[in-house]
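Engineer: One structure follows; several queries about it will come next.
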Amino acid sequence: MDGSVTVRDAMTRTFVGVTEGDSLPGTAELLLEEGATCAVVLRGRTPVGVVSQAAVLGAYVRGEAEESTVSDVMKTDVETVAPETAVVDASGRFSGSVHRLLVTDGEELLGVLTERDVLTVPHEAGDYDDGLRASTPNYGDQGICEGCGTLTRSLAVADGLALCADCRDM
């Protein structure tokens, strides 16, 4: 990924917005209609939280959805990022519980950056070289041929299979 690609370039500018006083059944219906996994909770144009499908579903499971509002289940400690931030830098902020970053310019919400947005930005080798890449295990050339089932010391991959010399020649 080119270091000059910014969050503004990669973010999603359209998002589902709700208010703290919106009902959970109405919010659930809106999320379904829009095919969204979350909605940004707005107070005017200022983001004050996020409500996810999981939070809404949890309220339904507990039997609390009908009498609840968005403010009862929303997450208020939401990560924000400036639009000028490099996508490479912003991507390091995603973790097990952080799946989206609200892109703000001061108090104003400009868009949302998701993990999917980051994955769609073209990148170059080494951009994310922070030790998180899985190493490829080194298997020897010895093993069972996937063609004939014999143990051989000279396996090689051909047509997606680990084959002995005899099966590769067929």
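Including glycine, each Cβ sits where the backbone N, Cα and C put it.
In case it's useful when we look at the structure, here is the feature table from TrEMBL:
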BINDING   Cys145, Cys148, Cys164, Cys167  Fe cation binding site
BINDING   Cys145, Cys148, Cys164, Cys167  Zn(2+) binding site
DOMAIN    11-66  domain 'CBS'
DOMAIN    74-128  domain 'CBS'
DOMAIN    140-170  domain 'ACP-type MB'
Engineer: Just how many other Cβ atoms lie inside 10 Å of the Cβ on Cys145 (Fe cation binding site)?
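Structural biologist: So the Cβ neighbour count for Cys145 (Fe cation binding site) comes to 20.
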Engineer: Count the residues of the domain 'CBS' (74-128) that DSSP assigns to helix (H, G, I), to strand (E, B) and to coil, and report the three numbers in that order.
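Structural biologist: Split into helix, strand and coil, the domain 'CBS' (74-128) gives 10 helix, 17 strand, 28 coil.
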Engineer: Which of the listed binding-site residues (Cys148, Cys164, Cys167) has the least company, meaning the fewest other Cβ atoms within 10 Å of its Cβ?
Structural biologist: Cys148
Engineer: If you average the pLDDT over the domain 'ACP-type MB' (140-170), what number do you get?
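Structural biologist: Overall, the domain 'ACP-type MB' (140-170) comes to a mean pLDDT of 81.
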Engineer: Report the residues of the chain - excluding Cys145, Cys148, Cys164, Cys167 - with C-beta within 8 Å of the mean position of the site's C-beta atoms, for the recorded Fe cation site, in sequence order.
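Structural biologist: In sequence order, the nearby non-listed residues are Glu146, Gly147, Gly149, Thr150, Thr152, Leu163, Ala165, Asp166, Arg168.
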Engineer: Could you give the number of helix, strand and coil residues in the domain 'ACP-type MB' (140-170) as assigned by DSSP?
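Structural biologist: Going by DSSP assignments, the domain 'ACP-type MB' (140-170) contains 5 helix, 10 strand, 16 coil.
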Engineer: In the domain 'CBS' (11-66), how many residues does DSSP put in helix, strand and coil?
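Structural biologist: The composition, in the requested order, is 20 helix, 17 strand, 19 coil.
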